Amino acid sequence: MLPDFRNLGNRHQGLQTELETSDANEILHALEAAQKKPVVNPGLRHSSTLRRSYTGRSGTLKTPKTPAAGSSHGSHAPRIPDWFRVGWTSFSTKRNPGGSLNLRATEKKDNSIDECLETLYFGETWHHSGIIFVTGFLAWLFSTWGCGLPTIIAGAMFLGTYYHITNRRFLRNARDDIQREFAVARVEEEPESVDWLNNFVEHFWLIFDPVMSAYVIENMDTYLVDYLPSFLDSVRLTTFTLGSRPFRIEAVKTIPTTEPDTVCMDWTVAFTPNDVSNMTQKEIELKVNPKVALNIRLGKGMVGTAFTVLVEDMSFRGQMRVKMKLISKFPHVKMVEACFLDYPQFDYVLKPLGGETFGFDVNNIPGLQGFVRDQVHAILGPMMYYPNVFAFDVEKFFSGELDITQANGVLAITVYSCSTIDSGDSTLNPFIRFFLDKAQELGRTSVRENTLQPIWNETHFLLLNNLNSIMTLELRNHSSSNKDRRIARANFDLKDLEEDDNEIQGLDLLLLRHGKPLSDVKVDMRYMPVSKPIPREDGTIEPPAESNSGVLRFTIHECRNLGSTKLNPYARVMINGAEKIKTPVFKRTSNPKFERPGEVVVLDKTEVSIRVEVKDSVNFAEDVTVGVWTAYLVDVMQQQDGRNYWWDLKHGSKDVGRIRFSVQWKPVVMEGLTKAMCGNGYSNPPIGVVRLSFWEAHDLRNVEAATGSKSDPYIRVLSGTQIRTRTEVVDNNLNPEWGEHHYVPVHSIREDLMLEAMDWNAKSKDKTLGYTILHMKDLIRQRTKEHKNYIDKWFEPLVEKLERCDPLTSTDKKAKGTLRYTAEFYPTLALPSPPEPGDEDYEEILGENGSQIRKDPVFLDAMPEKDLHGEYVKYTPDDIIDLPTYNSGVVTVRIHEVKMSKPVHAYCQFLVDSIMPQFKTSKQSGDALVFNESADAFVKEADFSRVAIEVKSADSDEKDDVKMGYWVESTSLIIRRIQNKRRQAIQEENELEEGDWFNLLGTEAPGMIRLSFDYTPLIGFALNPDESLENQGNLTVTLLRAKNLKAVDKSGTSDPYVIFTVNGTRVYKSSVIKKNTNPTWKNEQFVVPIPSRVTASFRIEVFDWNQFQGDEPLGSGGVSIRGDSVESFAARNVDIPLDGIAGVTGSVQVRFLWQPQLLARKKTNTSVLGTTRMYTSTQMSTQIGTRSATQLLGRIGTQLSSPSPSRTSSLRNPAQGILPRSIQAMRQDTMSSIDSGQIQDSPVSRHSRQMSAAESGEDSLTGMEGSVMINLIEARGLRGVDKSGTSDPFVRVRIGKTQAYKTKYIKKTLAPVWNESFKYSVPSTPISIDFKVKDYNRFSSSVDLGECQWNLWSLVRPEQSTIFEGWLPLYPTGSGEIHVRIEFS
């Protein structure tokens, strides 16, 4: 009845399989092979009849439900009719303390008439009154009939008898009430004796003690061998008895003030076998005292010696409180709790040497007895000394739930990997252990040595009784010399498995330490219930579903007749050659009793063999095999009942003894597990996209108060530990406003998103300001449709728009403020799982909705006209889903591996139409970096979208712009490649390829990357115009001419010039054309970044220049750049009419060239840079914004990322062929390459590689011999390095290898204005010009604030323009910008 503690802590690997491995791939292959075989029925009980089990496409097993007790379905009547009245509960409204029986006959009927009659006419007063009334009526009746004296005498006798009986009942009830009241008083104040029970135990004890002692002697060796110290050779229990006098219950006191379903008693228990009081002389002579003798042997072999330890005259006395909680169903006792109210008293005699004759009681040694007593109290105190209680669940014991053999199911948990463990350690030896509700460990993964990014890909099986617990995954660090150290924990409520049909894939669990996420672990979980008999409604039992997979529990019980009694036997049990259990050594016996159980998860029972080896342990020599028994599992299951579990041991061909060995088989249907073990994380297809609109935050925490500044907040969105997107940084503001929209793909209804407010820092790590969690359950709901043998699943928005204003929290409880945002869910295309030909419901599904089923190669199965959301599916003429017609969706890129020319330590980051990465891989080392990780992102407009992968050093982050290499391609070409690959796979009847190799750009030496792609269309989505990729970019403005300007000078002419403003900010001023009302400008061109073309305001103002008087306005005008005035990648002339002044006339003609692209986001400590910076130049190149991927991603065919800051970038004119044409033209030019599957040889990719090979030729550009006038105007967004949060900046200019100039320093500013110029002679050969901004320190060396280096001739093109003016970004990224003007002569 006691739990077996011998195997606690021995299941570090959890339930093992017959494969002796936890590798997920090997387990998957074994399961697939087992499911192809017919189910073997060994003919055991409950398996005579097999029924068909259906498993849906989602892997969900459908089993009939068991009806509740007393329920009625169909024509089957319940066991007791409802109108019967059973038990006191059917007559009373009082609640049954033990709970309802779920039987209608035991419940009180609602009959108001009966209740009224019972109240009015069934009381004792009404009985007496009725007798008087009946007596008077009969007297009148008899007198009317003329009856005589005999009738009167008979009536009087009847009345006398009735009075006597009624009076006797009254006196008896009164006496019982009085006695009951006295008894209650005695129970509350005095204990009562239970001599009747003690008398029963005295008689029963004489029969029970020999049986109990024999059982203890027989089985105690099994337990003693487990706790045998190393210095002892053997311990044998040779004598055991508790004597002829049993324990006594001296007194019982009942506590009446308890709940109706609880009984509480205080028992005074004593075991004093040496007490001879109240015993006769004959009884004293026949009395037997308790005695326990242990035969202990010290030493090994010939040098060993044996002695006997004797324990006798034990006695015990204590007061216990016993509490029992009652229930209605068998065994009618739910829980028994027991505890000692005070320290119990006990005594014994211990003679370790000398035996009974010469033994010396060691308790006579001063202090020893008290020490032992205190140790016993210290051990038992936390277990069962009041207020601690020892609780035993009687209900679970009788139902079998305390026995692991009665487990209800198996949890298969596949652990894939962890992201980088941010624990502060340089390296770790991580492993993960599993346990439930902080209890016994159920299993653990293997140890991955010397890594911070462990990859396991292991499947572990755990036995569970139910799904009402919390599963804890604990990440630990293994140490060979010290104790293993806990790093972080992740918790998962197993109840969520029931809500998801017992299966969750792609689960990302955050590993937390003190509330702070250190990493995340990617797992799949699937709960597979054990097949059990199911009661049918007609009372028969449906047998459990058989399977070749299941849980095997085997027990090696004992051996008999091994031969010599000098053997030291032990046994090994091997499954398929792998040792599963090894028993301890039993000394000097030929009949060892092992009683050792073991469990394994069997994937295919037809392939399982069992081998048991019994060996003799020999000191200082090799152990000798005594006997061997081998058999196949199926044969054992068929024969063990007939053989009573006994099998013959063989040594060669000779019988050497017998072994008792039994197996218990629990079939588990694992068909769905093979479908679930298909991938992890973003490998699973997205179920939809969440659109997050961040509006504002209020009252954020100020983490820069010490510097006299304010936080620079932004919001980032995390899925697990991956940063999926982030907002702009708002400078110096605790109440920021964003108004930004971001899209995040989600893959499961469990993939909650963390919205975290962060403070941006240029030099140090960004700090958290607080976070809130967006639960997908609040936004998404799962829909299902059941068919006969499978289930379709799809997802829909729970609400159209979820508006939130959530408080921010943090682990240190310092966060404050709120975040206001909205969330919307857009589902992806959800195709039904069509039935296979031959399924019972194939014809039914085929004809649903009257639609025709198509054969679609994309999903390699039958496809309907509509998806599960009711949206029509678009097909090509050859019946393939037409992916290019879906302009919005989720693109998935699997990064298989990267090959570099030399060993590196690097990672890859994935970008789609974004400045910041949306996915980062793990960090790998070597010249061949194997990642095998999948990344995905939302594509707004496939026509304009770009996909990029950058290879970066493991030491860099998003603030570091240095890259080892990159790959970039347009999304439209990728989608067409996917389409072509699938068509080709169907035509050739083979599986899709495992990726293709592409050349890396921007590498110092050749490099390659292997990638594969997928695309999932989005349905029901319409992109807002202000979110279009065409809405953001660079506008190139060329001032051409003006006509019919107003003449304001005395000469009848004007001296006009034009000022351009964007969103109220002055961005450019043209040169003056004197004495002309129809001026024409030459080389008047500038580029201005437009964050939003839809909301931009573009205006011009024309002035007449006067030398001594103020300039006079000639008119102003504006034009919208959101409509037909601007066309992407095409120049267009626009006339802007002038107005605003009385008598104004004329117009100004300009040329617009709109180039959509992503604009840089640059941020320093205290200011925002990048998103609204303005370029002012007489001949500013349109490529100035394409320096790196963090500045620009969207320009098709341009270089995505830059090398180190010391190298130049592309500064090419649009006329040179980078983007002079529209996207449609580009797509036509690349169709031939797509059709051939050679995406890497498209014009776009070829051009990018050419640019990378020679760095676009910028380092080798030449000019003319002459001189340059360099004007250092100002800088902005510099880093503050002084204690005041500011700097004292100056500029050092180096031309070639010579320091050409150094400005004065400006005190305490981050936006200095110098306006200093110098002249320098330059040759026509390529020459570098380096601008370095530094912080001046009087008593120490200057501190670098930022630097940029260019080839002078990439800025100034003498053959095109002799003047350059613009803002140049400083490196490293986030260091600010410098405004310079360079004039060549």
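Note that Cβ sites are derived from N, Cα and C of the backbone, with glycine treated the same way.
TrEMBL has this to say about the protein:
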COMPBIAS  46-63  compositional bias 'Polar residues'
COMPBIAS  1198-1212  compositional bias 'Low complexity'
COMPBIAS  1229-1253  compositional bias 'Polar residues'
DOMAIN    190-395  domain 'SMP-LTD'
DOMAIN    398-508  domain 'C2'
DOMAIN    533-647  domain 'C2'
DOMAIN    669-790  domain 'C2'
DOMAIN    1015-1138  domain 'C2'
DOMAIN    1245-1368  domain 'C2'
REGION    40-77  region 'Disordered'
REGION    1197-1216  region 'Disordered'
REGION    1229-1261  region 'Disordered'
> What is the number of residues in the domain 'C2' (398-508) that are helix, strand and coil, as DSSP sees it?
Replying inline: 10 helix, 54 strand, 47 coil
> Of the stretches 190-395, 398-508, 1015-1138, 1245-1368, which racks up the most C-beta pairs under 8 Å with the domain 'C2' (669-790)?
Replying inline: 398-508
> Using DSSP, what's the helix, strand and coil tally for the domain 'C2' (669-790)?
Replying inline: 15 helix, 55 strand, 52 coil
> For the domain 'C2' (1245-1368), DSSP counts of helix, strand and coil?
Replying inline: 19 helix, 60 strand, 45 coil
> Which residue counts does DSSP yield for the domain 'C2' (533-647) in the helix, strand and coil classes, in that order?
Replying inline: 10 helix, 56 strand, 49 coil
>> From the DSSP assignment alone, can you count helix, strand and coil residues within the domain 'C2' (1015-1138)?
In response: 6 helix, 59 strand, 59 coil
>> Return the average pLDDT for the domain 'C2' (533-647) as a whole number.
In response: 87
